[in-house]
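Colleague: Handing you this structure, nothing more for now.
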Amino acid sequence: MAIENNNNGVNFCTVKRPKTKIVCTLGPASRSVPMIEKLLRAGMNVARFNFSHGSHDYHQETIDNLRQAMESTGILCAVMLDTKGPEIRTGFLKDAKPVQLKQGQEITISTDYSIKGDESMICMSYKKLAEDVKPQSVILCADGQITFTVLSCDKENGLDRCRCENTAVLGERKNVNLPGVIVDLPTLTDKDKDDILNWGVPNHIDMIALSFVRKGSDLVEVRKLLGEHAKNILLMSKVENQEGVANFDDILLNSDAFMVARGDLGMEIPIEKIFLAQKVMIYKCNIQGKPVVTATQMLESMIKSPRPTRAEATDVANAVLDGTDCVMLSGETAAGAYPDLAVGTMAKICIEAESTIDYPDVFKRIMSNAPVPMSPLESLASSAVRTANSAKAALILVLTRGGSTAKLVAKYRPGMPILSVVVPEIKTDSFDWTCSDESPARHSLIFRGLVPVLHAGSARASHEESTEEALDFALQHAKTKGLCKQGDSVVALHRVGTASVIKIVTVK
């Protein structure tokens, strides 16, 4: 069995990479340097740090290990901080013993979080619970495994009398959802602010996944909090309740990226409508050219099993066909028995799904929704994709400084990979040469089809010389990575002086 697993690990290193990006949650099963190296080789593009669990020191150790693994493998990986957000949780229990609940049993829920719960009373962390729910409201616990129906509310004492609708065991500190209730909690808690400013910013994170975003103004607040760091950190919104769904367009407008977080969303809207919410959200993100991550339970059974269920394999493929930029693994990599196998399996499914897409048709659909008039840069990017599709090019090559041109090319979903050659800006005063940081390269790791590569360039070369040098470097790099071979056509997009040029080059 061990030999078989090792073989799988080796195969996954040699297969080609999918265009769809893979986000992996790092946790107890995957935070050692050797395991992170395996994940990087298997196809991890973004490492997710889930701040619902773990201390700053714990996450610091993990990110230090990630940097070491990146250094030893030479594989670039972006860092995502996922905020805990304004969660409501059940409290602690007497002697830490799980409580056995029976169907039809009545129980009191208190908002006094110091209470140690038992069969007759438990507590929840939301102070306004008794005010915001009403008789017949539903309270869901432990990812929806336990359902309570509210019978009566005592607002003065903060107590709700409830009936348990199913037999189940309740452990300590389980998450709580209140479907249809507009909850009076801030999007960013004090803990989130501390995590972002005292861990995220010093560690130069690339993106923040914001839990429970409810309106566009929430993102304005986060940008204010980040101040000068906002330009280097992408904000990815997670819509996880009905208020967020209602304000989706406003939220997307103010976000850099989006996550379809199906876990909490599945508690808030009827489970049979999740597929539609996913498709609509992904479609809207695609039209706006904003990267979108599909998350939650994608290969859930691989936490324990070396093979996913057929339904899971189909789910991953369908997310790719829907147009997702990234697919995400949570417990599968954080606490599962087969972290690297889960990544490799996901990569294989994505490659297979991508091979069935009608790319010219996708291009037409995005073009028909493109802004009028189009910005010169977007017009150029879409023309590069049209040229590459017609010329049956093996690769699109974009020389970029800030990465925005390459991202616009990715919006038009070419059938071939896009090599985004990030040429750091050389800033000079009379004493010193400095390069801008590599965050544009890491940011592009959440765009489908974008392959970033850093090119140091020669500080003293003229613009034309450095452009030619960067093009030669990029073509050589693409050949070694197997993105193109001798005789292939490559569409190159770059600047010459003040003009931008699209040209077709043949790989020598």
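The backbone N, Cα and C atoms fix where each Cβ goes, glycine too.
Feature list, courtesy of Swiss-Prot:
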BINDING   ARG48, GLY263, ASP264, THR296  substrate binding site
BINDING   ASN50, PHE51, SER52, HIS53, ARG89, LYS174  ATP binding site
BINDING   ASN50, SER52, ASP82, THR83  K(+) binding site
BINDING   GLU240, ASP264  Mg(2+) binding site
SITE      LYS238  site 'Transition state stabilizer'
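Tell me what's around each of these sites.
Modeller: Within its own chain, ARG48 (substrate binding site) has VAL23, CYS24, THR25, LEU26, MET80, ASP82, ALA209, MET328, SER330 as residues 6 or more apart in sequence whose C-beta sits under 8 angstroms from its own.
Sequence-distant contacts of HIS53 (ATP binding site), defined as residues of its own chain at least six apart whose C-beta falls under 8 angstroms from its C-beta, comprise GLY27.
Taking all protein chains in view, 20 other C-beta atoms sit within 10 angstroms of the C-beta of ASN50 (ATP binding site). Reduced to three states, the DSSP call for ASN50 (ATP binding site) is strand.
In the three-state DSSP scheme, ASP264 (substrate binding site) falls into the helix class.
The Cβ of LYS238 (site 'Transition state stabilizer') has GLY85, ALA209, LEU210, SER211, PHE212, VAL213, PHE258, MET259, ALA261 as same-chain neighbours under 8 Å, each 6 or more residues away in sequence.
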Colleague: Please tell me which one of the binding-site residues listed here (THR83, GLU240, ASP264, THR296) sits closest to ARG89 (ATP binding site), measuring Cα to Cα?
Modeller: ASP264
Colleague: Measure from the CA atom of GLY263 (substrate binding site) to the CA atom of LYS174 (ATP binding site) and give the result in Å, rounded to a whole number.
Modeller: 14
Colleague: Of the binding-site residues THR83, GLY263, THR296, which sits closest to SER52 (ATP binding site) by Cα distance?
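Modeller: Nearest in space to SER52 (ATP binding site), counting only the binding-site residues, is THR83.
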Colleague: Quick one: Cα separation, GLY263 (substrate binding site) versus ASN50 (ATP binding site), in Å?
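Modeller: Approximately 14 Å lies between the Cα of GLY263 (substrate binding site) and that of ASN50 (ATP binding site).
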Colleague: Report, as a single number, how many Cβ atoms besides its own are within 10 Å of the Cβ of THR296 (substrate binding site).
Modeller: 19
Colleague: Could you measure between PHE51 (ATP binding site) and GLU240 (Mg(2+) binding site) for me? Cα positions, answer in whole angstrom.
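Modeller: Here the two Cα atoms are 17 Å apart.
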Colleague: I want the residues beyond ARG48, GLY263, ASP264, THR296 whose C-beta is within 8 angstroms of the mean position of the substrate site's C-beta atoms, in chain order.
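Modeller: Near the substrate site, the remaining chain residues are LYS238, GLU240, MET259, ALA261, ARG262, ALA295, MET328, SER330.
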Colleague: Return the member of ASN50, THR83, GLU240 nearest to ASP264 (substrate binding site) in space, with distance defined Cα to Cα and candidates limited to these binding-site residues.
Modeller: GLU240
